[in-house]
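Asks: Sequence annotations record features per position, and here TrEMBL assigns substrate binding site to B:Arg35, B:Gln36, B:Ala37, B:Gly38, B:Arg39, B:Asp84, B:Tyr159, B:Ser214, B:His337. The annotation domain 'Uroporphyrinogen decarboxylase (URO-D)' is assigned in TrEMBL to B:30-39, B:147-163. Positions annotated as site 'Transition state stabilizer' by TrEMBL: B:Asp84.
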Number of protein chains: 2
Amino acid sequence: MTASIPATRRKLKNSPILDAANGRTPERTPVWFMRQAGRSLPEYREVRKGITMLDSCFMPELLAEITLQPVRRHDVDAAILFSDIVVPLRAAGVGVEIVPGKGPVMDKAIRTAADVKKLAILDEDVPEIAQGIGIIRDELKDSQALIGFAGAPFTLASYLIEGGPSRNHEATKAMMHSEPETWHLLMERLTPTVINFLKIQIDAGIDALQLFDSWAGFLTERDYRKFVLPYSTRILEEVAQYQLPRIHFGVATGELLGAMSEAGSEIMGVDWRVPLDRAAERIHAATGPKVLQGNLDPAMLFAGRDVVKEEVARIKAEAAAAIDAGHATGHIFNLGHGVLPNTPAEAITETVAIIHEN
Amino acid sequence: MTASIPATRRKLKNSPILDAANGRTPERTPVWFMRQAGRSLPEYREVRKGITMLDSCFMPELLAEITLQPVRRHDVDAAILFSDIVVPLRAAGVGVEIVPGKGPVMDKAIRTAADVKKLAILDEDVPEIAQGIGIIRDELKDSQALIGFAGAPFTLASYLIEGGPSRNHEATKAMMHSEPETWHLLMERLTPTVINFLKIQIDAGIDALQLFDSWAGFLTERDYRKFVLPYSTRILEEVAQYQLPRIHFGVATGELLGAMSEAGSEIMGVDWRVPLDRAAERIHAATGPKVLQGNLDPAMLFAGRDVVKEEVARIKAEAAAAIDAGHATGHIFNLGHGVLPNTPAEAITETVAIIHEN
């Protein structure tokens, strides 16, 4: 297979994240935090004033600025593209808005095969995202990676079917089980949208990508394997040719780590609920060893420096144990979920410094 | 130790739930549903009109009526006392209200040792609850058990510390880790409240009890063992002398099943995410075999009769496999979480009938 690696991709040297992702020994423990860009930073709240969340994701200078803010402030080893799970839907023309304090709300919920057949597929460029990525790449140091981002189709499907955020995903699960043909039709329409959204980012020069399946932890392994895994696998396969590290993560997916690992990523994000060494055993049993990402409980950033030091040491030791046992090939430090909105920015900076210490 | 079994306790014969709970073979598969009393029933919405949730929990005739409604309508094998996790706090004089669509909201959040020292402990009778239980006992058939109910101290502590429902429990976890003495002081004050609340119900004649640790699934096993398990263990020990079956349950606690089982219940409730046979392996490994309770995904009640039939058959087969393997000693059917508020009442009745079929 000839890999068509985009000419624009930066050749990173001494990037701790890419070193760890590729099984090399990084110079320091690489770290980035999910949701490091956003509400925890006063400079973010400042630049977002009067601009809706979704609009900001389509403004190249602004999305670049927001993406870069935490890199400047916290000295993390990667930027994560500021975006939202529903951005590719909006780009395809689907009516969606992000309601503050609530989340993505669709103009119309999708419930029938007829609704699904009308769902737009993203099949063209999103120049605003590509331009934003260009600005980010120009500003990042060579040691700092840019991680691209897409929501997995199950999570997108849940928003579309429920019409917005859901605590129980009952309409989504009901469709899976009682109208499986409609469900699979929907996943068939969402999968190319996610692939195209990732390819746009790859062409623009991201260095790694993360497929977020935020709500996968609400499924049994059985349902996950039947209704979700084939599509996440196809997405990860389609971008494999570009040879950039692929991360796969969902919240509260301890029971699904093996199944999610089978989707094909090089790196598995681990929720804080499962110790990394135990997570690595599950991943190793399913697919052989991979790089681990995680998994500090974001609530610990409210508990003060001493607690963070202790927790960071524990997590590093668990990762080391997994690597020593041959169950993992590396470790990228991260939280076990996103930065909580009220986290003091200073606590984030301090935590990054503690992680880098040794 | 002389067990002072209350004279008022009904002597149930041929109660499928108590048969299963005690390792005997029940006449039919016993079933009850968490949150079977409540918003899913039109007759509930009717009797609650103009009465706040917490007030209704202190009105003997009304709480009895609400408790009995699902037993009459669905032919379930047990009534679950209509109450709320914060009822013992209200009974102790703590300022709390249940805000519709939100949940329990405290007048003041508890954050310091001084706050904790002022927290009232429930040390007297709650005659309204005892009277309500008396009414329920008079109306239940001999085959129908009455299950009592209390929230575990961790879940109560989270409401008290956060001041209300929390998605991330960050203040709670921060107190555990950065102010462990304050945390343990709080647990020491909550534990007798929970014990007393259960003893009141036992004295009034409940046939079994469930200790709900709703939010335990937000903790790592490590934190659970250190900050929660000793208190839940003490509660279950204190009521052991009454020789009624004790159930222990928390949502999304797959990773904690072994640790929670160590708290000492005869019956372990299992969230829908973990197949019963796999759950039984974890319980068996930690404490030896127990009775399983669960674990139909409540969302399946939106998926139609055929799907429910298939899922019920699967869950029964998984329970049977666990019993055959010597990893469990019985099975009480239930959901893997509470009835969702919008569940059609007819779907609940139909599901109970399917469970009873063979």
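The backbone N, Cα and C atoms fix where each Cβ goes, glycine too.
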Asks: Near the domain 'Uroporphyrinogen decarboxylase (URO-D)' (B:147-163), which residues from the same chain, at least 6 beyond its ends, have a CB less than 8 A from one of its CBs?
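Replies: Answer is 17, 32, 78-81, 83, 85-86, 88-89, 94, 96, 104-106, 108-111, 119, 133, 169, 171-172, 175, 183, 186-187, 190-191, 193-194, 197-198, 201-202, 206-216, 219, 227-228, 231-232, 235, 247, 250.
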Asks: State the non-local partners of the domain 'Uroporphyrinogen decarboxylase (URO-D)' (B:30-39) in its own chain: residues 6+ outside its ends, Cβ under 8 Å from one of its Cβ atoms.
Replies: 15-17, 19-20, 45, 66-67, 69-70, 74, 76-80, 82, 147, 249, 269, 332-335, 337-339, 341-342, 348, 352, 355-356
Asks: Whole-number Å distance between the CA of B:Asp84 (site 'Transition state stabilizer') and the CA of B:Arg35 (substrate binding site)?
Replies: 10
Asks: Among the binding-site residues B:Arg35, B:Arg39, B:His337, which residue has the fewest other Cβ atoms within 10 Å of its own Cβ?
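Replies: Among the binding-site residues B:Arg35, B:Arg39, B:His337, the sparsest Cβ neighbourhood within 10 Å belongs to B:Arg39.
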Asks: Give me the DSSP three-state residue breakdown of the domain 'Uroporphyrinogen decarboxylase (URO-D)' (B:147-163), ordered helix, strand, coil.
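Replies: Counting residues per DSSP class in the domain 'Uroporphyrinogen decarboxylase (URO-D)' (B:147-163), I get 10 helix, 5 strand, 2 coil.
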Asks: Any idea of the Cα spread of the substrate site, B:Arg35, B:Gln36, B:Ala37, B:Gly38, B:Arg39, B:Asp84, B:Tyr159, B:Ser214, B:His337, as a max distance in Å?
Replies: 23
Asks: Counting across all protein chains present, how many other Cβ atoms fall within 10 Å of the Cβ of B:Asp84 (site 'Transition state stabilizer')?
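Replies: So the Cβ neighbour count for B:Asp84 (site 'Transition state stabilizer') comes to 18.
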